[in-house]
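Sequence annotations record features per position, and here TrEMBL assigns ATP binding site to B:40-44, B:HIS103, B:ARG136, B:187-191, B:218-223. The domain 'Phosphagen kinase C-terminal' annotation in TrEMBL covers B:37-265.
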There are 2 protein chains.
Amino acid sequence: MAEERARSFAPLDGEVDRFLRTPLGAALREEGPEGDVAVSSRVRLARNLREFPFPTAMRPRDAQAVLTRVESALAAFPDAAQYVRIRMGEIPPFARGILVEKHLISPLLAENPAGAVIVRQDEAVSLMVNEEDHLRLQTFAAGLALQEAYREADHVDDLLAAHLDIAFDPRYGFLTACPTNVGTGMRASVMLHLPALALTRTLGQVVEAVQKVGLVVRGIYGEGTEAEGNLYQVSNQVTLGLSEGELLENLLGIARQVIEQERRARDVLLREDRVALEDRIYRSYGILTSARRISTREAMERISDVLLGVHLGLVQGIPSRALRELWVMIRPNFLQYTFGESLGPAERDERRAVLIRRHLKEAMARG
Amino acid sequence: MAEERARSFAPLDGEVDRFLRTPLGAALREEGPEGDVAVSSRVRLARNLREFPFPTAMRPRDAQAVLTRVESALAAFPDAAQYVRIRMGEIPPFARGILVEKHLISPLLAENPAGAVIVRQDEAVSLMVNEEDHLRLQTFAAGLALQEAYREADHVDDLLAAHLDIAFDPRYGFLTACPTNVGTGMRASVMLHLPALALTRTLGQVVEAVQKVGLVVRGIYGEGTEAEGNLYQVSNQVTLGLSEGELLENLLGIARQVIEQERRARDVLLREDRVALEDRIYRSYGILTSARRISTREAMERISDVLLGVHLGLVQGIPSRALRELWVMIRPNFLQYTFGESLGPAERDERRAVLIRRHLKEAMARG
């Protein structure tokens, strides 16, 4: 029984295993532009193949055919060897969970055995197959880098379009399963770390202002998830009637304003009671490096405090990467895979504390 | 102005300065018997000179005469050179405050300019002059060592009696200013560290049982003070009708029972949720070594947690002495003298955090 329990988190095959054990792909390891506030930028394009019904209506055989088409389109990519194919039906639930925790796939895709994801080694490009649409192409870039992420998405989109018959209407644009995606089929988002707006209790106002201009603010895991660790995704809602360039410019402008507001709030905290801020940050550091039991929620809060300290120059010797890696490493599936066994919630809280202490110690030893 | 402010905590003369800067005298540095729970034992004898009115009723000239008599009695001690004389009227208020924080004098004595204290270098013997009684002889010993403390007190009492005419009534015993001290004039007490009884919420019961047999339970600074850091003084109330030996045996027996109850409570904590206990202890350790602002009350709680960890073998590398020294070092007067300047409450909270971090770091570096 204990053996079987352990086996459920047994190591997978080489190529997939590597993804599952790496908290941050090469594309997100270093900080990007405005990296003190902007964690990452993402562009997602929804595409469908003209000759098949949308995934909601298609038969298993269609799903298989879509996947085969996409895989052969990919085979023609000049950098095809850089991609790893992972079929949902072929990996255990925890492995799908880790891909969700890493933001490489959506929870919806994880639940579809006919779904697959094709990920570039550096994790800058992820192509979900048979999610809500036949194709959901996602690109990621560190910091505030929407244009870069879009260029990459556009490039991969061209490569796909060269080999696939994409459903496109001259009047409406790209056709998608959900009408909210019709048009450009694009959703762009920026992940922002906003601890000072939260601490100064001005976050509510900022979110309201952002929503008034038609953007959406969500928690770390997107739609319907709560904010944890003061991480917020700001994304466009409208996909129709504006060009990709206009959508990106709009989001970029708003993101820049929010980033400035966060920086001003940080200045206020430093000016009004620098010691109180340092105390908060260092207590969180002390707890992360000492606690023997910690929940995901508390860990996210403490990591947020210390990351703020790093960005304000109040904490030295901890690379921001180590903290950003922890965001993924402390999640249930990643955590259990790290320890190679199934763990109940209480055990997870203990192992999470072990993992955080170990990771920070190693990161500080490396300098 | 700033200079004057600093000067108020300027260093005093050599011999007195040494007392003021040493948190624990040699007599209390190492742990004594039952040192995992029993911090220290104290015996106090109240004595008065027959030819003078009690301090409450005497004129300044009498006070001066009492002091002169005591000082000449002391001069005849075989180890007279081991004693330091400190007159309250000759040292600044903060210095008197430190002597109170070190338990060498009472707050009452600190307020009397005609009062004095004569302390042995190892701080095992302290003789207050012109407190509530003409003489209040105190002896201290590490751990549960009431007999040893009493032997020392009895010895010094004999030396004093050889040169002073002590008020003694064949029927009532030693005469004292307050009737509750008449008889032996003795009060014996044990300082106990009872964190597990507090955590398991059984302390109330234990205190009640102790009070039922005629003993008194008080906080760290005696009468009318609250318990801080789970430190409790257990002492005898009755001084009349029982011999010194009977009083000591009685207190010793009860103290042993309380110590056993504390140990059992520690076992319960370890058995029921060891990780929860470790987590509490290590979080406190993390906060002590990281916080940038900490109140006396919180510091006392955190020190208590870590000391418990040391005594349970859960924390290595921190000598218990370093933690027991902090009990004194974090007090307002000691703290301000350490930093050589007058500090407001908020500044003290910051410096206290600095001092704790520094002291623990140094203690851990020494091993």
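Note that Cβ sites are derived from N, Cα and C of the backbone, with glycine treated the same way.
Remember, TrEMBL labels are computer predictions, not curated facts.
Its Cβ taken as reference, B:SER40 (ATP binding site) is surrounded by 24 other Cβ atoms within 10 Å in the chains shown.
Cβ neighbour counts within 10 Å, taken over all protein chains shown, single out B:VAL43 as the most crowded of the binding-site residues B:VAL43, B:ARG136, B:SER189, B:ARG218. When pLDDT values are averaged over the domain 'Phosphagen kinase C-terminal' (B:37-265), the model yields 92.
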